[in-house]
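First, the structure itself, so that you have it in front of you.
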Amino acid sequence: MNPNQKIITIGSVSLTIATVCFLMQIAILATTVTLHFKQHECDSPASNQVMPCEPIIIERNITEIVYLNNTTIEKEICPEVVEYRNWSKPQCQITGFAPFSKDNSIRLSAGGDIWVTREPYVSCDPGKCYQFALGQGTTLDNKHSNGTIHDRIPHRTLLMNELGVPFHLGTKQVCVAWSSSSCHDGKAWLHVCVTGDDRNATASFIYDGRLVDSIGSWSQNILRTQESECVCINGTCTVVMTDGSASGRADTRILFIKEGKIVHISPLSGSAQHIEECSCYPRYPDVRCICRDNWKGSNRPVIDINMEDYSIDSSYVCSGLVGDTPRNDDSSSNSNCRDPNNERGNPGVKGWAFDNGDDVWMGRTINKDSRSGYETFKVIGGWSTPNSKSQVNRQVIVDNNNWSGYSGIFSVEGKSCINRCFYVELIRGRPQETRVWWTSNSIVVFCGTSGTYGTGSWPDGANINFMPI
């Protein structure tokens, strides 16, 4: 090869290398620009698909820095899109219940500023559980606590804290309410808050911290709701509300709410005669509630809510071991699945149960006449067989020498199944303990377990003689 050919060859190779390097730099620059500005295109549908017209909530936005040959590329990670809950997983199979939480509010009130409350409940968002209660507008060691046995005053508010955190002075007052229900649809909290005159109360519907809708009393006789969590499926939440006599015929309606707006109201239908203070749980694709018949029955009413067509059916828990208080002795109590048993129906107490195939898990006071003690058990055939009384897996939650109160259910979604949990209200003060002038409560919480468990009793534990009068 002569010198001229060598020069031409070397020049050609150099030009080729330079061209390749130039193209690589252009590619790197294009990649950088594309990654930086393409965040909004993540998971975009094909051009012939219709995008839903609804807001997308961004939980977090993370920037990753990747180093390529001394060139820095800032890569925007696609944000998570928050979805509505649908509760489509199966119910967890359990052997019983294990302790989960206890707030010790009354014991702490002996030496600290803790709210006077009643009607507590628990509900969870997708990541965390919260405890709620209706405050009396006062702490316990305060003269305003005198007379807090009364249910409905304009100073009552719905309190909300992380589960296990007592209602201290820094507790958030979510709304004005002497009756309430709360639930999280996967995107935000819905609070149903009832307050006002007995003959003309108002229910406010607060979603994501904003008042969205309201409804007034329809029977002018103490509009009221569940005192435990409502349930949301695919963005629609349902809550049971009653207006009318507490010991006679009343008007119960089931409301359907979408992001705080009432979208439908269904009347109660089926064989249930009286409905109060329902404890509801998701049973995909529908919702099921176990309630309190304060008129005719010590067996608990059941409401089945169809979330698609808004239809309602009702009946009674089949178990002959009935769940309300007061009630007959177990040997003489009855239930035929369809009708109230006409056994000591009035007054009653809020409670819960849930189906497990043909069986039923349930909780109730140990004392058949008053709100003392608390027990749970499963009744074989208790969901499908009239007057079934075969009891297994009994547990004592609160021994019969200590006071209990209301109880209710809440559901927690796990990786593979939906667990059922319950809380027990531990009432202290009046009317049973007349040394003091106040009425308040603490709570204890248990959740279903597939493991083994021991025994115990978890009462409130406060010495009434140590408490402010």
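In case you wondered, yes, glycine gets a Cβ from its N, Cα and C as well.
According to Swiss-Prot, the substrate binding site annotation covers R118, R152, E276, E277, R292, R371. Summarising the annotation, Swiss-Prot assigns N-linked glycosylation site to N61, N69, N70, N86, N146, N200, N234, N402. Summarising the annotation, Swiss-Prot assigns region 'Hypervariable stalk region' to 36-88. Annotation comment: Swiss-Prot describes 91-469 as region 'Head of neuraminidase', evidence class sequence analysis. Positions annotated as topological domain 'Virion surface' by Swiss-Prot, on the basis of sequence analysis: 30-469. Residues or ranges marked as transmembrane segment by Swiss-Prot on the basis of sequence analysis: 7-29.
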Sequence gap of 6 or more, Cβ distance under 8 Å: name the residues on the same chain that satisfy this around R118 (substrate binding site), in order along the sequence.
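Expected: A133, L134, Q136, T148, D151, G405, Y406, E425, I427, T439, S440, N441.
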Closest to N200 (N-linked glycosylation site): which of the recorded positions N146, R152, N234, R292, going by Cα position?
R152
If you draw a 10 Å sphere around the Cβ of R292 (substrate binding site), how many other Cβ atoms fall inside it, taking every protein chain shown into account?
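Other Cβ atoms found within 10 Å: 27.
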Taking the Cα atoms as reference points, how far is N234 (N-linked glycosylation site) from E277 (substrate binding site) in Å?
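So the alpha carbons of N234 (N-linked glycosylation site) and E277 (substrate binding site) sit roughly 24 Å from each other.
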Which one of the binding-site residues (R152, R371) has its C-beta surrounded by the most other C-beta atoms within 10 angstroms?
R371
Can you give me the same-chain residues 6 or more apart in sequence from N146 (N-linked glycosylation site) with a CB-CB distance under 8 Å?
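Set apart from N146 (N-linked glycosylation site) by at least 6 residues yet with Cβ under 8 Å, we have W437, W438.
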When DSSP is mapped onto helix/strand/coil, what comes out for N146 (N-linked glycosylation site)?
coil
Can you name the residues of this chain that are 6 or more positions from E276 (substrate binding site) yet have a C-beta less than 8 Å from its C-beta?
R224, T242, A246, C291, R292, D293, N294, G348, K350
Rank aside, I only need the closest one: which of the binding-site residues R152, E277, R371 has its C-alpha nearest to that of N86 (N-linked glycosylation site)?
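Nearest candidate: E277.
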Among R118, R152, E276, E277, R292, R371, which the record lists as binding substrate, how far apart in Å are the two most distant Cα atoms?
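Per the listed residues, the maximum Cα distance equals 21 Å.
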Checking the binding-site residues R152, E277, R371, which are within 10 Å of N402 (N-linked glycosylation site) at the Cα level?
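So the list is R371.
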How many other Cβ atoms sit within 10 Å of the Cβ of E277 (substrate binding site)?
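A 10 Å sphere around the Cβ of E277 (substrate binding site) contains 25 other Cβ atoms.
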Where does E276 (substrate binding site) sit in the DSSP three-state scheme?
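E276 (substrate binding site) sits in a strand per DSSP.
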